[in-house]
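Q: According to TrEMBL, the protein carries these features:
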DOMAIN    27-113  domain '2Fe-2S ferredoxin-type'
BINDING   C65, C70, C73, C95  [2Fe-2S] cluster 1 binding site
BINDING   C134, C137, C169, C171  [2Fe-2S] cluster 2 binding site
DOMAIN    257-441  domain 'FAD-binding PCMH-type'
BINDING   F365, D388, K450  FAD binding site
BINDING   Q789, F820, R934, A1101  Mo-molybdopterin binding site
BINDING   E824, R902, F936, T1032  substrate binding site
ACT_SITE  E1287  active site, proton acceptor
Amino acid sequence: MAPGLVDPAVPSERTRSLQTVTEHYDDTLRFYLNGTKVVLETIDPEITLLEYLRGIGLTGTKLGCAEGGCGACTVVVSQFNPTTKKIYHASINACLAPLVSVDGKHVITVEGIGNVKNPHPAQERIAMGSGSQCGFCTPGIVMSLYALLRNEKNPSELEIEEAFDGNLCRCTGYRPILDAAQSFSAQRSCAKSKLNGGGGCCMENGKESTGDGCIGNSDGDVPVKKFAPPGFIAYDPDTQLIFPPPLIRHQPKPLAFGNKRKRWYRPVTLKQLLEIKSAYPSAKIIGGSTETQIEIKFKAMQYTASVYVGDITELRQYAFKDDHVEIGGNIVLTDLEEICLKAIEHYGPVRGQPFRAIHKQIRYFAGRQIRNVGTPAGNLATASPISDLNPVFVASNSVLVAKSLEKETEIPMSQFFKGYRTTALGPDEIIAKLRIPLGSERGEFFRAYKQAKRKDDDIAIVNAAFRVSLDESFNVRSVDLVYGGMAAMTVVAKHSVAYLKGKNWTEPSTLEGAMSALEDDFDLRFGVPGGMATYRKSLAFGFFYRFYHEVISELKAGKMHLDEDARTEIERAISWGKKDHAATQAYEQRVLGKANPHVAAMKQCTGEAQYTDDIPVQKNELYGVMVLSTKAHAKILSVDASPAMDLPGVVEWIDHRDLPNPEANWWGAPNCDEVFFAVDEVFTAGQPIGMILASSAKHAEAGARSVKIEYEELPAIYTIEEAITKESYFPHYRYINKGDVKGAFEKADHVFSGVARMGGQEHFYLETQACVVIPKPEDGEMEVWSSTQNPTETQSYIAQVTGVQANKVVAKVKRLGGAFGGKETRSIQLAGICAVAANKTKRPVRCMLNRDEDMITSGQRHPFLARWKVAVNKDGKLQALDADVFCNAGWSQDLSGAVGDRALSHIDGCYLIPNVHVRGRLAKTNTVSNTAFRGFGGPQGMYIAESYMEEVADHLGLPVEKLREINFYKPNEITHFNQALKDWHVPLMYHQVLEEADYGARRESIEAYNARSKWKKRGLAIIPTKFGISFTAIFLNQAGALVHIYHDGSVLVAHGGTEMGQGLHTKMTMIAAEALGVPLSDVFVSETATNTVANTSSTAASASSDLNGYAIFNACEQLNERLAPYRAKFGKDAPLKDIAHAAYFDRVNLSANGFYRTPDIGYVWGPNTGQMFFYFTQGVTAAEVEIDTLTGDWTCLRADIKMDVGRSINPSIDYGQIEGAFVQGQGLFTIEESLWHRGSGQLFTRGPGTYKIPGFRDIPQEFNVSLLKDVEWENLRTIQRSRGVGEPPLFMGSCVFFAIRDALKAARKQYGVTDVLSLQSPATPERIRVSCVDPIIKRAYVEPQEGEKSFFISI
């Protein structure tokens, strides 16, 4: 089919029949939005609910991923639930929901529940509790909490913690959000609760409710007394937005609407649905749209006729029968959860075993937003090989009832799946219901299992459901072992099933024989699609091993060989934590040092905070979509944009020919080695070739897909190891050489060597790269709103690509929805391309990247590899370090040189090593150009340091905690780059954490636990950090500020830093308020712009508060000097309004331009002279983990963090930065893994479906944070004597990694393996499991055949 030509939505041969069926259907949508009735008669059939909401100006609901994986788009849809016969307030993903799905329902967005002046209690508590940093995810989190509160008047702590399983946040570390949300829990909100100063609520005292406590009266006659934290709005469930009465009486009508490209049908009876399927069998059936919308968005699938079936009451019923439960195919998974619990209660726990298994699988199936719309029928029809429910349906011998207009067919689930994504369902059939048999009263056992990268809201790596029926002698009558993730479809382990029949379950030989049979069932090859061959086999074996022993434990025989520890899985407790809120009391001032909330938190919680893509659409605006290379390395033979130009809505094609000259195509800092548009050759998949401009995002996307590009592929390099072999490096080379390294190695008692390897990390800021460029009619002027950390560089390169001077370009930033370094340079690419487009068309151009586009174009944290050699004496004193350090820079240098440099400067960790020679190289590969990321090489350098410390300690047989203490720097000792350590507090904090965390006693307890536990092992680690604060490029250590005082006494502050959630504007307003003696509420920061503060440095390196804070202070000092006579005249307590008024009439300048540059620094590479950093931020963290060595699953039981941040400007902001950085670091070193697809050379992990960041239930179960206090900072010459805090705590997350390593050592020691473990980062569940040495993992091990390579590449 030619691009742009679309078949009619319904083929002509079917038209007459369909018209006959649907001629009486209505074509008007009717729903309520935030309490107001909406009637839509003209409807674009292709838009989602999110696109509709944002299109009408309700921009509080955000686009984060477009695949229902991050929760930023969460809204609440209130509806009468035909399954429960109650009104239910469903949190859903607006990015997936087709607009047709809200007909007859009430849509509630974040704007509908409150605003800054009158916030909802959920909005207020999250805002005031520091639960919002960048704020981009916050509206979705607020709406998830709101949905829970509407459905549960007295939610439990567990219900609250699980309410957010479909939401992600990259900034906060989740702890403050959970603390705010838990204030609504039944226990914590009871007026009688001990937590709230009462004598104890009925639950705490073990008494029955008197009707006036947290449990309340079940009849609802007695009002529930709710406790509101002091100063907060009380939450009253009875005063919420009502369900519109007309919707209670609403009778849904069948709908049909659309255009030539697409038509929607919404039947409301089963008969209507079957008539449509009979008339047009290929019509796409849509339930929750959780799979279909992803296919449309990311795979460009076109479904010209779609049928929404979510409002057919007959398909949402259930019934408890004598020997089975019948559930409608379209019952949503949330309701199925409740039905399962009712079934267990109704039939008892034995006969209800299949429903316990279903409930368990649903609990960890996606997030609540998906479970609120997803259905069993949708799950079955998509036939995913990793579906969590399908194995349960097969193992339980469920029967699927399919219906067509002519007949009803019963299909046993064992016969339903025919191959990859194919089923036995006929073309005109729909899944009407499922009949799930009950378990037998005696002798039957049923269990289900799942393992994923992340416990909550993650797709399975492998899942399984097992059923066995035993006779009275424990012989196997029947058995079903069903797996997902082991083949192209849900499969039965046939050899194992055949072997087990008739065998006596209690005989040890039965287990061994079944395991051997499983080897025949799952003989995976090394390069199997999906990868992880060894791990997947081990899970298949491990699940059965666990099931076998679970059954044994319930039998009266065979317990002599019961493996008790294998039975149980890791279960999390409710997380909690504490902070030292008294840490800053000793130095609190009128404003500074106090725990003020983020200045924009309330706006962020109410959806009023504006981000780049929230800027209203400009007149004549065009939308841009980049055309990206699909090859890792290739010559471009031809580019043909003409097919795109024929499509509706497409306006223009932009490429390198639209630049003022060829030189303008080059960009990059500090090395100009990258092009905005590829010309003759592409060096990575995802490199921009051009941009399509169209009247809408959808038209632009269609146009971009239609551009034809021919390539000639060239050899590509992906990994550091390949680059080393082929000597593929960038010219940048650095070294630090101190002392006599060679002599130290010759004299030392021991010399040990090893390799440290760690992967990269995707930034996963919730707001993707975004830009709005507005050309002006005069002089080539251009206004650029960009989501960037670097307005000045944005300005400079836009001037270059448009051929004007920088003074004609104004780059502006209101706020960023997260950045973490990923918008320091990589934002320039998108802004530059959009500027070229705007310059050519003379029309405004907007572009916000999809999540997958962002991930394949914007770069990541650099993967590192180090080959180290350490000299150490018998007493544990380190003598020398020699290391070659390589980082994967990707295809261009970007900031890789500076990242490598910082790694070399942090490779000493916190340890004095007299003799050091370290060298750094940048590997040149054909992967995405890696870039700045929070820590900027520091975490990689310190990871290398702690790796060699761990391994050297193991070689010496010395506790690593002792080795660290022996080698800690002492105050004023000199680093390997010849800088004295002043205000050095790491040893002090190390001992404080050991004591406060009860480290010694817990170490003993863990050793005892590990001795008695076979499969669960616990580990403990304590890790220090020192992080140098300053840009290593000296010229960047400067800042300017502009402060205006107005007649009314209000103050406007402009500075060079951008607000991206780190609280920079909050701290800057506090500094100005303190300096000028005004209330904090009188100081305002509007935006960051290059026409107010010029020549700014990027907001990075944890130095922005230091630099911009002192620049603001400098400006305020100038103003105070000018106003001093008026303060003397009017008195020191006179309001600034009176002083400013008088000064103005005396013609005194009420504006001041401040400036600051960091003194003393100026390191010289090579000679190893000069001061590299202004100071070091320090910290120490202890962490304890528990791992399940049978599956690789793990949890962090506790973390205790202590940071030296000097005199904190705002402890709330600093605590938020510490918690957020720690959890981001925990992700870096554990679950976050970037993988490339070997066959295509493209990034595979390009969205929340495949790339996992920590979620709400991944944080430490006990999460304690404190700030160092009761010390003097004699040498710290920063504003307020504070230390930078954005980046330094990130490395503290590695403590979890090293605790996992500690647990693995215990697991290996159990089997007599005591050699030194070299554990690569990240410690994913796969890596944890394959690092074990038990017999199960050994029999699962898959060796590559000659020439065989892995399916994925880890670069």
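Glycine too: its Cβ is placed from the backbone N, Cα and C atoms.
Each of these features: where is it, how hidden is it, and who are its neighbours?
A: Around the Cβ of C70 ([2Fe-2S] cluster 1 binding site), the same chain contributes G64, C137, G140, N167, L168, L766, P1248, each under 8 angstroms and 6 or more positions distant in sequence.
If you take the C-beta of C169 ([2Fe-2S] cluster 2 binding site) and look for same-chain residues 6 or more apart in sequence within under 8 angstroms, you find C137, T138, I141, I177, L766.
Note: K450 (FAD binding site) has non-local neighbours Q361, Y364, D388, A460, V462, N463, A464, i.e. same-chain residues 6+ apart with C-beta under 8 A of its own C-beta.
Its own atom aside, the Cβ of F820 (Mo-molybdopterin binding site) has 31 Cβ atoms within 10 angstroms in the protein chains shown.
Counting only same-chain residues six or more apart in sequence, the Cβ atoms lying under 8 angstroms from the Cβ of E1287 (active site, proton acceptor) belong to R934, G935, F936, G938, F1027, A1101, S1102, A1221.
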Q: What is the interatomic distance between the Cα atoms of C73 ([2Fe-2S] cluster 1 binding site) and C134 ([2Fe-2S] cluster 2 binding site), given in whole Å?
A: 15
Q: Could you name the residues, excluding Q789, F820, R934, A1101, of the same chain that surround the Mo-molybdopterin site, i.e. Cβ within 8 Å of the Cβ centre of those residues, in sequence order?
A: A819, G821, G822, E824, A932, F933, F936, M1060, T1099, A1100, S1102, G1286, E1287
Q: Restricting to the chain of R902 (substrate binding site) and a gap of 6 or more, list residues whose Cβ falls under 8 Å of its Cβ, or answer none.
A: F936, G937, G938, G941, G1028, T1032
Q: Do you know offhand how many angstrom separate F365 (FAD binding site) and C65 ([2Fe-2S] cluster 1 binding site) by C-alpha?
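A: That separation, Cα to Cα, works out to 18 Å.
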Q: How many whole Å apart are the CA atoms of C171 ([2Fe-2S] cluster 2 binding site) and F820 (Mo-molybdopterin binding site)?
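A: Distance between the two Cα atoms comes out at 9 Å.
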Q: How many Å separate the Cα atoms of C95 ([2Fe-2S] cluster 1 binding site) and E824 (substrate binding site)?
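A: Answer for this pair: 28 Å between alpha carbons.
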Q: Taking the Cβ of C65 ([2Fe-2S] cluster 1 binding site) as reference, which residues of that chain separated by at least 6 in sequence fall under 8 Å from it?
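A: Result: A72, C95, R851, G1247, P1248.
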Q: Far apart in sequence but close in space: which same-chain residues, 6 or more away, have a Cβ under 8 Å from C134 ([2Fe-2S] cluster 2 binding site)?
A: R170, C171, Q604, Y765, L766, E767, R815, L816, G817, G818, A819, M1060, G1061
Q: What's the CA-CA gap between Q789 (Mo-molybdopterin binding site) and E824 (substrate binding site) in angstrom, rounded?
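A: Rounded to the nearest whole number, the Cα-Cα distance is 5 Å.
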Q: Pick from Q789, T1032: which of these binding-site residues has the biggest number of other Cβ atoms within 10 Å of its Cβ?
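A: Selected residue: Q789.
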Q: When you average the Cβ positions of F365, D388, K450 for the FAD site, which other residues in that chain have a Cβ within 8 Å of that mean position?
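A: Going along the sequence, the neighbours appear as Q361, I362, Y364, S387, L389, A448, A452, A460, N463.
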